[in-house]
Amino acid sequence: MSSYENHQALDGLTLGKSTDYRDNYDASLLQGVPRSLNRDPLDLKADNLPFHGADIWTLYELSWLNAKGVPQVAVGHVELDYTSVNLIESKSFKLYLNSFNQTRFDSWDAVRQTLENDLRACAQGEVSVALYRLDELEGQPAAHFHGTCIDDQDITIDNYQFSTDYLENAASGEKVVEETLVSHLLKSNCLITHQPDWGSIQICYRGRKIDREKLLRYLVSFRHHNEFHEQCVERIFNDLLRFCQPEKLSVYARYTRRGGLDINPWRSNTDFVPATGRLVRQ
């Protein structure tokens, strides 16, 4: 259990509660969760964060009516800056998007601008939105994370409770290496409903070599851990920085979609450009 799982800031969320679906535009459906909930226990201060980054969302179930009442469909790409006061709670995002279904908009740009304005207001931070017609994306192959996969190690695991102990002395030697490690075994659980969240993670670093067995055991220990996607990525970044002390570090996770949305957070203390192609499970 996370230390803030029962925080009063979470009491008003629709997540985990029976909810009516609305199909006429309603910006009030959006709900934010303070980023400070998980940052404070990690001693991450808003004015001195050790990373930059964004939460990248893909919107697969986005539809509205044009001015003549003809349904329109699009795939949306949203980037929410890491400095925003709030992250966007995903069920509320889904309900909000559903409210577009029977609402008329004069243009695609009006939809994009509405999304951008509402998300900025909810997150209290910078948000960018792009909308794509389906024929712009058709035929795109599934992407893959560049790097060395650490999943096929011949080890025995019998403990799935989250622990940073696995990272103790995980970085050794004096030689500085620069490598990218990948795992598809990341699984955590929703902070509120405890439903499973499945993801792939890419860790790029420069520093003393990180023991791959210890890293894998650490990642697997998230299996019973309850936190939102964004919070897990910040925790992983913070733990690796604390225990392994790399000179450069980037952590990027791409999670499978739920409710027509996927969330793909990244955090970095160096130049990093995340590849945004969907992975095979997305």
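Cβ from N, Cα, C; glycine included.
The Cβ of Glu230 (substrate binding site) lies under 8 Å from the Cβ of Arg35, Asp55, Leu87, Ile263, Pro265, each of these being in the same chain and 6 or more residues away along the sequence. The substrate binding site annotation in Swiss-Prot covers Ile88, Glu89, Ser90, His229, Glu230 and is backed by sequence analysis.
Non-local contacts of Gly259 (NADPH binding site) by the CB criterion (under 8 A, 6+ apart in sequence, same chain) comprise Glu61, Ser90, Lys91, Lys94. Annotation source Swiss-Prot lists NADPH binding site at Ser90, Lys91, Arg258, Gly259.
Secondary structure from DSSP puts Cys190 (active site, thioimide intermediate) in coil. Here Swiss-Prot flags Cys190 as active site, thioimide intermediate.
Per Swiss-Prot, active site, proton donor is recorded for Asp197, and the stated evidence type is sequence analysis. Asp197 (active site, proton donor) carries a strand DSSP state (E or B).
Neighbour counts of Cβ atoms within 10 Å were taken for the binding-site residues Lys91, Arg258; the minimum is at Arg258.
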